[in-house]
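Listed features, source TrEMBL:
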| type | residues | note |
| --- | --- | --- |
| DOMAIN | A:3-187 | domain 'Survival protein SurE-like phosphatase/nucleotidase' |
| BINDING | A:8, A:9, A:39, A:96 | divalent metal cation binding site |
């Protein structure tokens, strides 16, 4: 069973080392990851420059990893279409240094690696460790391997991926696991304006989180209660409930050319 | 009524010129767009380098545009948080040179501009012109202005954005408008491997479209029949229908720590 592992913190990050070695106990792991950090790149792909591959030494039994000068989605595309001899049984992206919760999954490089696996019909999983400072990935990696074993056994429905967020707490303090939905979050006061030595303005994006929906059944709510959050995702953004209302706009847009 | 206009083809693209001038008939337009093409960057934001703003001359009554060394999402964040004196009544992203249909909306810079507007509570619209070669944006711009006028009048529900794709056909050949859902599409044979003059391999991503779901009620299906497609989108990727099934995995992951 081939397992493709990628991330967005870059191939030298400790999270992908821990993840790949834990998964090596349940399958043959191939690591294809960005050569440097690609956080907050969203679901980007690289079409305007050529991609190159560099081998990186890796602990046994994996032996080597492949570093790409691109995004997590690039890594998955390249692996599936050019590097792997057979389709992987699973794509796992992570373990990210920091959370990927709620609306932020749309910006997340970690989740984009799993989205690309899902688009291409592979059971896919994104994993993040929620906290700050010095991370210990030991528990998160072994928990992820248990989940991966279950997914390999049962599969996932077509078009489904999983987003896993694990609190960075001592194992005894983690209160359990919750199946969640995505919360809603945005950032406020995102822009900091400064002046360079020549008096020209420049701007940094940063900002503070504002949680618009952190209900107990959301991923954000679960983490705030010390739970592991496991959210099933799908890729259809259609707002079905608004279709009928929207059709009432049509007579005003182009008379005689209404809903076909 | 302030209307914020952005795109991902870059501020010098003809589509944003045509769009901004058509919208100037219904509100006060502010143009904030990437200084160069940012296609297929997904919903990326720029956190690792400072953003700079350059003024670009623009046709009256708009007078000037603001070019940013960042992504469409950066442009919208910067505009909302630092550049505009009041919140815009609407965010419009486009008109893109080429389609943004089905699963591709996850990669789309054009759609990401509208997503960022939506996250920040603004009615938002992404517009693309579907075709190839030399584009004439005249009809698409005036149609978009009619839709924008309707949105300004009625608003959109919180967390909703619209994705508009207009066929690049003579007006008389456009058969009407359809309210659609997103189709499903992926790319196959995406990787082309070459050798540089020193014999090292490099890879280009490209590939052919493979439509997995192009039913008549999808955006892909509508365009194939010469219709304008208008798809309402929302930002919650949660796969609700799979939550219950997924909860049956839990007993195997960490006995005694089931669904909380």
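First residue shown is number 1, and so on along the chain.
Cβ atoms are placed via backbone N, Cα and C, with glycine included.
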Could you work out which of the binding-site residues (A:8, A:9) has its C-beta surrounded by the smallest number of other C-beta atoms within 10 A?
A:9
Summarise the model's confidence over the domain 'Survival protein SurE-like phosphatase/nucleotidase' (A:3-187) as a mean pLDDT value.
94
Once DSSP output is merged into helix, strand and coil, residue A:96 (divalent metal cation binding site) belongs to strand
